[in-house]
């Protein structure tokens, strides 16, 4: 038995640091007998579902692939067997972005700000938290916007928020590996605060046990709806305020007051953020009934109603106690009917008149009377009705044809009715008949006739309406022309004229001179003509192109990204010019819509972006010339990508970047740049700096040897623009350091063999090759003589006797290192070196059955001869055991090693200079030989025997761990284990049965297994002397294969070995009779033996005895004959 042990490597006793996405491997050797049970756990009970665990009797291995921040922590290993338990732990730190910050809380909310607090992340990703990033999101939006990207504390006040809006907030931690997971507010936060106090409080009413109050709403509700009002009161002499009412309206009646008691009242407003400061009633209130003289509160004293409609006159009043109300009409008490009646309440009286008529008109007196006095008020009621008919006769002062609804030249008579708010009166008597017509005249000449345009065959004319139309609508215009060469006028229009005030006169003769005149036509006829001032020569008019650029287009045209750009430019020219739109330093998008006529051109571009910024050129061209102009357009957008991103410098842990500003700044000044990095094995970028104000930056704290992408984005007031990214990943490395020490391995008359050590640092990139240079004595020039990928080189073609200097440079993908020079010059000549042999180890251990290869370095010039000797005898080489020699090595190969291969091997090297020897010991590892006998019985008693023996002659090449001792009662064939953990070569065996004969066997055991057994001679457990008295245990005098003779008068015992699985059923027979256990027969069965004991009663035991074993697969019987022999 061996208690469990854990052999924790020194590296695992430190903190195991590993980069995220890599594989964690924890290999721990263990031991224990029996093989211990292995259990891996996490300190806080985290799941190990992602872990792969492999355990054997000698080690346990835990593997976690693609680790992340959550795999950081303490891994606890517990091993346990029947001899005890053992625990150890390994601390693992995963270098990753941080976990989410903890315990995000809303500390304070105002109408324009929210103050946040939080705790650092539980997992910092193996690196110090550099800063926090605070972001906000309106609840109606999906995207977060950054509030502060460089917060160095665990709280922040987010201000400039929209009052009454709901926001979500989240906080992220950032370390040198990037931005971690966010923690977000679980619910949206409404930006509001407690309301202001309610406005002025008014005392509405007081009785002996109640008070009625009203108040105004608060000036500001704090950005959140008022949920209700809390009314509190304080009795005189008391300092305690108690809530007496909670209401949702701006008035309340407080009941249950004590008559004559004095009270003070105050009101507070409440919204979802809390309760406002209270507003207090200015004076205390005494709970008692008021006595108030009656008084009216009328706004009007005159009331109007249309005849036939109902009228309600509401007369409000005050008075305590309630006054009696009396109505009078025209100084007579009002007679109340179902149509006219009055009803009164505590604070008003209402007069109701149904279907008012002229009889209801008059003065009404209202009188109020109570114990405090009386009051009267006079009301006037007016009933509105239709007027009477107007007085005649009806006179007609003027007649025209354009009166509404009249037909010209028809005769009409007329009558008049009066109308007021109540309706129309009866009509007046009708007038005499009158005809509807106007007096009309011919129109005057058209106004301002002129020539608008001339072509080679036509003239364009325009004019305005005549100033005088003759009292009749203008029906058309007649245009006439006159060729000056013949002096005749002809009509150019149809005889009825044309409606338009412009015309193109066509089919004119080119180069001829023409005059034109225009006449207007109405119902009265053709009016006076108007002449075009000058004659016109018909010929094509040439006009150089021109354009009218609006003042707004002469400035910079600003348009927001996503909007539409519309450029409208009036143009002219004869003939109509050809229009071309262009864009400097680029092309106009295909989505642009260009429309051109003879008088204007327009360019429309929808959904503009930053790339639509620039100068738009407009060129007009015809046969008379060209005209150009440009419009500068600035699209207000985020910037375009920075340009000319370059890698200026690379070291083993940093990269220096430089770039130039974007070509398009988005119409606003560049505020700053954002630098980001991404490992080539990852997909997401991490911010390096978010507030860079220059066009260069050194990105440090990079992982040496890793590949990174970098990108730069510019930011203006409209947001973060497009990124510029490195096209290929950048390896964080530099030129290596110089190679290590250079050694001269060999020199001949024409060559030199050199070797060197690797550089202390490869610069973060794999060494590609080494360059060897040499310099002949007297020369200043270094020439390359070799390029190799290993740490050695042979330089040939040297001149015998010449002296040379050598130096070596390491090369990686970043360039050449500084050279490392050989300290002394080398002369090219053959060397004579004394032989040497230096084994790396003095002994080699190998398990029997495995192959062994022993390499022993040798040296010497010329090459020495090598001789191997084993245990003083020359080594006999076979196909299994042989030696091979190289230039600098001699190698012993032994296949399928046996224990006979163990021993001392001597190696001798010799050449003309001398001789040298060295020796190595080969230890073969195997199960040990049996212990050396004989087994000695040092002490014997009736219940114990002390054994001793000698250790094995061959221990198996390692220490004997323990001995295993077995015993056997010689009456059986079954061996029992006495002890399996005997450390010494002696053991006292106890609990033996007195008088029984035993045999013992001993095994030696080492780490490779158990030896064969050393068996002892039989020995009886008894004292070396005998006590006097009756005979002891009966014994058999004669035994044959199937019978035995027993002494008469003694107990008879019969025992047999049993084997079988499952255990067979055992039955005993004497003759043909099956025996059962009784007082005379004692039957005992074990897993290996069956036994029956019978009292020897005269000759009853004589006869044939049978035992029968019944199993699942076989059936066995044993037969025994018993003879009785008289007692001696």
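Even glycines carry a Cβ here, placed using N, Cα and C.
Those TrEMBL annotations? Automatic predictions, nothing curated.
As annotated by TrEMBL, domain 'Ig-like' applies to 4-93, 294-382, 545-632, 835-919, 1034-1128. Under the heading domain 'Fibronectin type-III', TrEMBL lists 100-194, 197-290, 445-541, 641-735, 738-831, 931-1024.
Model confidence over the domain 'Fibronectin type-III' (641-735) is summarised by a mean pLDDT of 90. The recorded stretches the domain 'Ig-like' (545-632) and the domain 'Fibronectin type-III' (641-735) share 3+ CB pairs below 8 A when only pairs 6 or more apart in sequence are counted, and are therefore in contact. Contact between the domain 'Fibronectin type-III' (641-735) and the domain 'Fibronectin type-III' (197-290) is absent: fewer than three CB pairs lie under 8 Å, with pairs separated by 6 or more positions in sequence. Summarised by DSSP class, the composition of the domain 'Fibronectin type-III' (931-1024) is 0 helix, 50 strand, 44 coil.
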